């Protein structure tokens, strides 16, 4: 029998031109449960789309979120959207029995995009861990090290790194011969799943895949763990038990999502290479689906909603009471949701609320009658991000005060070396009209308030007593030392505001609203001397204190 000489040429053509379309089989052994498995996958995918699109839109459109920390969150949201969308729609089509076929070119494109996005997201998670490490452990260098330019470099480097890592295995897959096996037991295409359909030597794919796993995701995971270990060490040294618990809760939530992201992925990579005959195929496929849909659904909640400024963008509210008695009895109030964002250093002046947006040096003016944001603008030179907050409290870098003379803002600058700066604001446009510099280091103060154009600074004496120890008269420019003792209910003063309407000093003291009745007498000025040695008679007299839990 004579062989047709054209057959070797035909066989060579079939082997080198690439196979026909593959057929994705879904989850082996659980085909009867495909419809049920599609329900959680679909719900998680919808949650991932909604959450990450919302987070990405917020970061892109809200200028108060144009800081490195939130821009890294935006990168994470973008990576989550691509990771989920590159795999889940086809997986749902397979689980619903609509279409399991996928062309060879589309299969290679899917696995390339999926793995590149996974590596890029791993890089972003590492950058976020480093960002938190610098912010907590090296706060003085944060502004210089983490800039918007650095975030741009991270974005480009993450994608470039993923593309460089995945280009060789895709090229190797294209060079492999495929001898007719077209059924792929999976819901989407991945590197080693496709390689197993080839009839050639796949050892280069196996060892290259192992090397890239150890040098990209595994390396990132080790560096992330080291960063969080250093963060936890710094957190454990915090003096406040509440601050430690809050920081540990946040780190724990982040660690949970990171574990959920890396564990199934690393298990899937290693099972393909070493556990092929010991790990049930349906377990492997389910875990492979887990890391492409669960972390994208949870990341907006853990990294977004638990991030202070984004959470307060939609979940914070405030109440307006008609009287102090109504406040005590918690009745006759109007509640407004702060859809325009929230911040600290709040004060109310002439039916408007003023505050400093968290994480920025932007100040805002809100109409309390309509709950609308009237104006938002930056305060020039003011520091933020807890650079010079008050002692014992966070996010009070910029503090507002109102009195008989006008609206004031209290803050510190790098030029003042952290010393308290006082500026009078134009209430119409929030522009600075005049500025005074004091000799008091702001982080050493419990707080400060304005009364009749005079700045008063407070410092802690003990866990139950504060002292008004310093005054600065903006009319004369003179500084004075005082010694007026204030009893308090608990340790920390979170907010201090003087009301020119009833001449009371209102203090929020660890869950207690405490007020002090104020009366004034003429201050006899003495010739100005070096500030550290100035001494005058006390200006205000505070005869009594009333507190309510």
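Positions of Cβ are set from backbone N, Cα and C atoms, glycine also.
According to TrEMBL:
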- 35-60: transmembrane segment (TRANSMEM)
- 51-303: domain 'G-protein coupled receptors family 1 profile' (DOMAIN)
- 72-96: transmembrane segment (TRANSMEM)
- 102-129: transmembrane segment (TRANSMEM)
- 150-172: transmembrane segment (TRANSMEM)
- 214-235: transmembrane segment (TRANSMEM)
- 247-271: transmembrane segment (TRANSMEM)
- 250-522: domain 'Olfactomedin-like' (DOMAIN)
- 283-305: transmembrane segment (TRANSMEM)
Quick test of the contact rule: Cβ under 8 Å, at least six residues beyond the ends. What residues does that give for the transmembrane segment (35-60)? 27, 66, 70-71, 73-74, 77-78, 80-81, 84-85, 88, 91-92, 95-96, 289, 293-294, 296-297, 299-301, 304, 310, 313
Counting only residues 6 or more past its boundaries, what in the same chain has a CB within less than 8 Å of a CB in the transmembrane segment (102-129)? 18-24, 69, 72-73, 75-76, 79-80, 82-83, 86-87, 90, 154, 157-159, 161-163, 165-166, 170, 173-174, 178, 184, 188-191, 194, 216-217, 220-221, 223-224, 227-228, 258, 261-262, 265, 291-292, 303
Confidence over the domain 'G-protein coupled receptors family 1 profile' (51-303), expressed as mean pLDDT on the 0 to 100 scale, is 81
Count the Cβ pairs between the transmembrane segment (72-96) and the transmembrane segment (214-235) that lie under 8 angstroms and are 6 or more residues apart in sequence, then report whether there are at least 3. no
